[in-house]
Amino acid sequence: MEEIVTGKQMKELDAYTIETMGVPSLVLMERAGLQVFESMKKEGLPLSKVLVLCGSGNNGADGVVIARLLFLAGYQVHVCILGNPEHFTKEMKTQIEIGRNYGISFVKTFCVHEYTTIVDALLGVGLSREVSGLYRETIEKLQDFSGKIAAVDIPSGIDADTGAVWGCAVRADLTVTFAYKKAGLCLYPGAAYAGKLLTADVGIYHKDKRSPELFACTDRELKKLTRKPDGNKGSFGKVFLAAGSREIFGAAYLSGQAALRSGAGMLKLCTPKENRGLFTCFPEAMLALYEDAADMENLVRENLCWADVAGIGPGLGTSPQAERLLETLLKYADKPLVIDADGLNLLKGKEKLLKSCKAPVILTPHLGEFARMTGISVKEWKKNPLTITKETAKKLGVLLVCKDARTIISRGTEETCINLCGNDGMATAGSGDVLTGLILGLLAQGLSPWEAACTGVYLHGKAGDLAAEKKGRAAMLAGDILEAAGEILKEL
Ligand SMILES: NC(=O)C1=CN([C@@H]2O[C@H](COP(=O)(O)OP(=O)(O)OC[C@H]3O[C@@H](n4cnc5c(N)ncnc54)[C@H](O)[C@@H]3O)[C@@H](O)[C@H]2O)[C@@H](O)CC1
Ligand SMILES: Nc1ncnc2c1ncn2[C@@H]1O[C@H](COP(=O)(O)OP(=O)(O)O)[C@@H](O)[C@H]1O
Ligand SMILES: [K+]
């Protein structure tokens, strides 16, 4: 996993490295500047004439280092420093002095069109208020700039914790952030303002490695998914999935397929009797067919005995039978239970039943479903996704997967997972059904609910990226994500 930090945590880590480990602040800064300089070259930014815009804090001081390194490498570079000299940090004053000794050009005014690249070192993780005055005017001038923009640590104007724009912000092509990704670079809109995001090691260190509060999955988590050569279809897990309705068949097919494609041993689909004929194209699935709401109790109890994990929701509809199915599952489930789509729509008013469920429950709402379920609007969630997801998970006593461009996963504890892969091509019908199946498949193979949810969302995002590569973001279908998930697992 990859740790992600808030601005405050980053400042504490900086301070610890400087004060406790004894690494001089200027050494960290030199490494930070060098990393940005090297990244700009490596990423092919046009460096024939560069303007470095600096604020009065240490982000600005990084900028002066970058200007010096560009100057020493023979590039034409101008530095423009904004802000009151009385507010310059100690490091900033030192960097300006060093810069002057080298003879780099400091300018007071500039015309953006003269430059091929602009380095944004105005504000870093120290941003603490709405951007106004000269900072704002300068950032607004960059809107007509046609060259490339490299942001130092974080695009100026982006809140390091929430990704919100404080009045206005720099839209960068490249952001080189130091030590750890900041939460505000991972959440939208900050993620979009960052452009290509690189994380650079500058020597930040902490002796007591604590477990991160916020993290993203990486391939390392996927690589833990191994098959046992002596396993059998029973040991790879049995999935019971209540999905599909008279009107909707595809959702059941997609999520059922995804459960098997992610490696589960067996699948039993619980679906209306009328659907029997449709499943001839899915011979791998066993069927548990129901006719009316009265059938449910025995059917659910029998199948829960058989299964290792249960899921409900994709294409389920909201008929009385569907509602009865959900209630019965909540009443009797003693194995992990994943609730998605219509299962979530049917949850309204059943909070008590949900709370009393003996099984660990995973809810996978997209934001529309989340809003319907909780009464918290999408707009409100987007303002503070980490806290709201955590608080809701805690309140409902569930593991919550809030699906969006950046899916957030919480079980109400201090630790939150954010997914950084995937793309807008995944906003296509049935994509969420595939995710439900993947999570069920991983649960069936023995992953804990937390591991299955975090790894499942990551696998889904990676599969979405592979599908986009093959088919294009507009043309890709949920079935392509499903197929790609299999390929990702194969490559591992
Ligand atoms: N030695 C260190 O501490 C290191 C610091 N680093 C850099 O230092 C940055 C953090 O430095 P600082 O804590 O000095 O903070 P910043 O440089 O991000 O900004 C702080 C300054 O901006 C002012 N400010 C805040 N919001 C403003 C607004 N809206 N409009 C105008 N001014 C505003 C503050 O009053 C303060 O003077 C990091 O982002 C990183 O770039 C890196 O060089 C790594 C090492
Ligand atoms: N812009 C985006 N970037 C990354 N992932 C996205 C984006 N839009 C949607 N997704 C992902 O696609 C999936 C869509 O799920 P959902 O809305 O439930 O689809 P459906 O109900 O059609 O199956 C979610 O996992 C979501 O995180
Ligand atoms: K910046």
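Each residue, glycine too, has its Cβ placed from N, Cα and C.
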Can you pick which of GLY375, GLY432, GLY437, GLY441 TrEMBL lists for the same AMP site as LYS403, ASP404, ALA405, ARG406, THR407? GLY432
Name the residue, out of ASN58, ASN59, ASN84, that TrEMBL lists for the same K(+) site as ASP120, SER156, please. ASN59
For ALA405 (AMP binding site) and GLY315 ((6S)-NADPHX binding site), determine the Cα separation and express it in whole Å. 22
Among LYS403, ARG406, which are binding-site residues, the residue with the most C-beta atoms within 10 angstroms of its C-beta: LYS403
CA-CA, which of the binding-site residues ASN59, SER156, GLY315 lies nearest ASP404 (AMP binding site)? GLY315
Please compute the mean pLDDT of the model over the domain 'YjeF N-terminal' (10-210). 97
Maximal Cα-Cα distance (Å) across residues annotated as binding AMP, namely LYS403, ASP404, ALA405, ARG406, THR407, GLY432: 14
